[in-house]
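Each remark here refers to the structure printed beneath this line.
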2 protein chains.
Amino acid sequence: MVPIKYELIKTDKQTGARLGKVTTPHGSFETPTFMPVGTLATVKTMSPEDLKSMHANIILSNTYHLWLRPGENIIKKAGGLHSFMNWDGSILTDSGGFQVFSLSDMRDITEEGVHFRNHLNGEKLFLSPEKSMEVQNALGSDIMMAFDECPPYPATHAYMKQSVERTSRWAERCLQAHSRKDEQGLFGIVQGGEFEDLRRQSASDLVSLDFPGYAIGGLSVGEPKPIMNRMLEFTTPLLPADKPRYLMGVGSPDSLIDGSIRGVDMFDCVLPTRIARNGTCMTSHGRLVVRNAKYAEDFGPIDDQCDCYTCRNYSRAYIRHLIKCNETFGFRLTTYHNLYFLLNLMEQVRNAIREDRLGDFREAFFEQYGLNKPNAKNF
Amino acid sequence: MVPIKYELIKTDKQTGARLGKVTTPHGSFETPTFMPVGTLATVKTMSPEDLKSMHANIILSNTYHLWLRPGENIIKKAGGLHSFMNWDGSILTDSGGFQVFSLSDMRDITEEGVHFRNHLNGEKLFLSPEKSMEVQNALGSDIMMAFDECPPYPATHAYMKQSVERTSRWAERCLQAHSRKDEQGLFGIVQGGEFEDLRRQSASDLVSLDFPGYAIGGLSVGEPKPIMNRMLEFTTPLLPADKPRYLMGVGSPDSLIDGSIRGVDMFDCVLPTRIARNGTCMTSHGRLVVRNAKYAEDFGPIDDQCDCYTCRNYSRAYIRHLIKCNETFGFRLTTYHNLYFLLNLMEQVRNAIREDRLGDFREAFFEQYGLNKPNAKNF
């Protein structure tokens, strides 16, 4: 029995965006949704209760990092990742591939897998489709990701074609190696960079393997946003309508809206939590760097349109003070706010789909942030 | 009108310890009690809600640190420290003296005050009784401390006598400079080191000034515990029975019990929060260094006798993993546990006084921890 279900509730008449519901062994959540990233079995500075209070239903954790620390066997002995970290909502784990390609040194990619040195102590390691499945099966996440190659952007068509074909072969090996098919759902990852023919080939290969969900990888890796949008427009129609679609590593507010419009259901990104720890907040007036001196005596909230815990109780002046003093409670407050901002944005997106007005919502949002201007900065 | 009231509820028939109730402009709390330390307007890693959930009623904040960062005027403009940090319970601020003597360089003590260089950037600063009152009045704490000299241990009788006399003159100047007597209560600080005649002289001087409460300073600065206990036995009877007594900087479990037995009502210390951030926990089986390798696969709680949030929900293995990875949620969990442990201990002490069995409680506690043995380590 496949443990992941997708129910299409309706499509937005203005844009075609999908309002849906994903069910995993740890509950259901409406889509489109954003997944906070908890790399090392914790969303940095947050408690599980913090995440629940902002209505996060699914979080992402990183297989590569947990494989290295504390090791998947400790988590397995703890009863799995949910039990280990006291999170009874849904968990998605990535394959480890992205980190191997982005964090490690001296990687050597073969048909069998990837040899590399880990980023902590230089130890020689080997990650393969089978190993990734073994680790993710030990972690016990609700949604696992197939082990894929993530070529850097830009890549040549020739290289990308080889890579896509290998990723398809690896996806088959992942399916074979996956040992808990009744308890964990495995998603395939469509690659192909900016090449439409390769995206088509990759999607076709993976759909034929009948995964319970599909991710779109290799976007938001440096390419201009119009290219990302064009690729999405081209790719999502290649995927089955009755399965969830996950756009990996995308978390800027404008891209969440534009991805939803192109039929994406799930997103994740370290952006909101990472910039929070640098004192940068997402607000309804654009980005706000609360550590700036001009907020030293500003006793208003981070965002006067926001009703989150941080904005209801704390001033810019206080949060600036905490961050300047490196007090972790400051990072906790900005992290809470940024995650709430994105989760709340996705709720607004879902409500707009429900009411067939996501196109209007996008227009108003882009107008408010000046994102329609030719030289608009990233949000 | 004096804004601090002390009500003696009863004394323990076995030991003479006092069960009391202190009322400040921000509420009441039973004593003996322990005050978590929130140096920079935050108890490191904790939210105000975390503190309330463990029944903390009063916290301490450090005048010296807040004077330097963010500066008392910002906090005054925010409406005072309670408003700035979103804490509606009671707050006690120290005078800044202890930090000037312990943290700063090149201090020069004169009758007027202390010239020193601050520990952050070496800037020349001057702290005096009048300046300390000005800063604490701006902070708006419920309980302020008089500016005193804290000589290092050991000091000669001659030096300590000079110092005690200056501290008494400074106390008078503090009383005169204190500009919000209806809103903030100012405590005098009895000094005198290990010299009984000087403790007597200091107490006599300060009691004649009729403060609404008294602190006992200059203990727990390196002297053996029997000397601290002897000094307390000698000093607390010199203080009025209808005022609260605060033993500064003491927070080890055994000393909290022994201080309570000698008539102390309030305690504070960075110990529980500081050791928590090093991965060390106070437990009903003694100290536990949760970052040790032997806990890597230990899925039991920090303390099997504890019902705090941390112990109900997280394992030693998980907390060790977080701390090894420098994840702040780990420090939050150990900090929560340690503060809960001490606040819960003080509740047990109060219940023992209520039932006239604090002597028995102490015996059982010291037996459990092996604290009666000749070579007992510090808790």
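Start at 1 and count along the chain as shown; that gives each residue its number.
Positions of Cβ are set from backbone N, Cα and C atoms, glycine also.
Site annotation (TrEMBL, ligand Zn(2+)) includes B:Cys306, B:Cys308, B:Cys311; from B:His178, B:His285, B:His337, the additional listed residue is B:His337.
Of the residues proposed, B:Gln176, B:Gln184, B:Gln191, the one TrEMBL records at the same substrate site as B:Asp94, B:Ser95, B:Gly96, B:Gly97, B:Phe98, B:Asp148, B:Gly218 is B:Gln191. For B:Cys308 (Zn(2+) binding site), the same-chain residues 6+ apart in sequence whose C-beta sits under 8 angstroms from its C-beta are B:Met54, B:Tyr336, B:His337, B:Tyr340, B:Phe341, B:Asn344. Counting only the Cα atoms, the space from B:Asp148 (substrate binding site) to B:Asp94 (active site, proton acceptor) is about 10 angstrom.
Residue counts of the region 'RNA binding' (B:249-255) by helix, strand and coil are 3 helix, 0 strand, 4 coil (DSSP-based).
Between B:Asp268 (active site, nucleophile) and B:Ser95 (substrate binding site), the C-alpha separation comes to 14 Å. Cα-Cα distance from B:Gln191 (substrate binding site) to B:Asp94 (active site, proton acceptor): 15 Å (rounded to the nearest whole number). The residues of the region 'RNA binding' (B:273-277), classed with DSSP into helix (H, G, I), strand (E, B) and coil, number 4 helix, 0 strand, 1 coil.
Within 8 Å of the Cβ centroid of the Zn(2+) site, not counting the listed residues B:Cys306, B:Cys308, B:Cys311, B:His337, the chain contributes B:Pro301, B:Ile302, B:Asp303, B:Asp307, B:Tyr309, B:Thr310, B:Arg312, B:Tyr336, B:Tyr340, B:Phe341. Counting in whole angstrom, B:Gly96 (substrate binding site) lies 35 from B:Cys306 (Zn(2+) binding site) by their C-alpha atoms. The binding-site residues considered are B:Cys306, B:Cys311; of these, B:Cys306 has the fewest other C-beta atoms within 10 angstroms of its C-beta.
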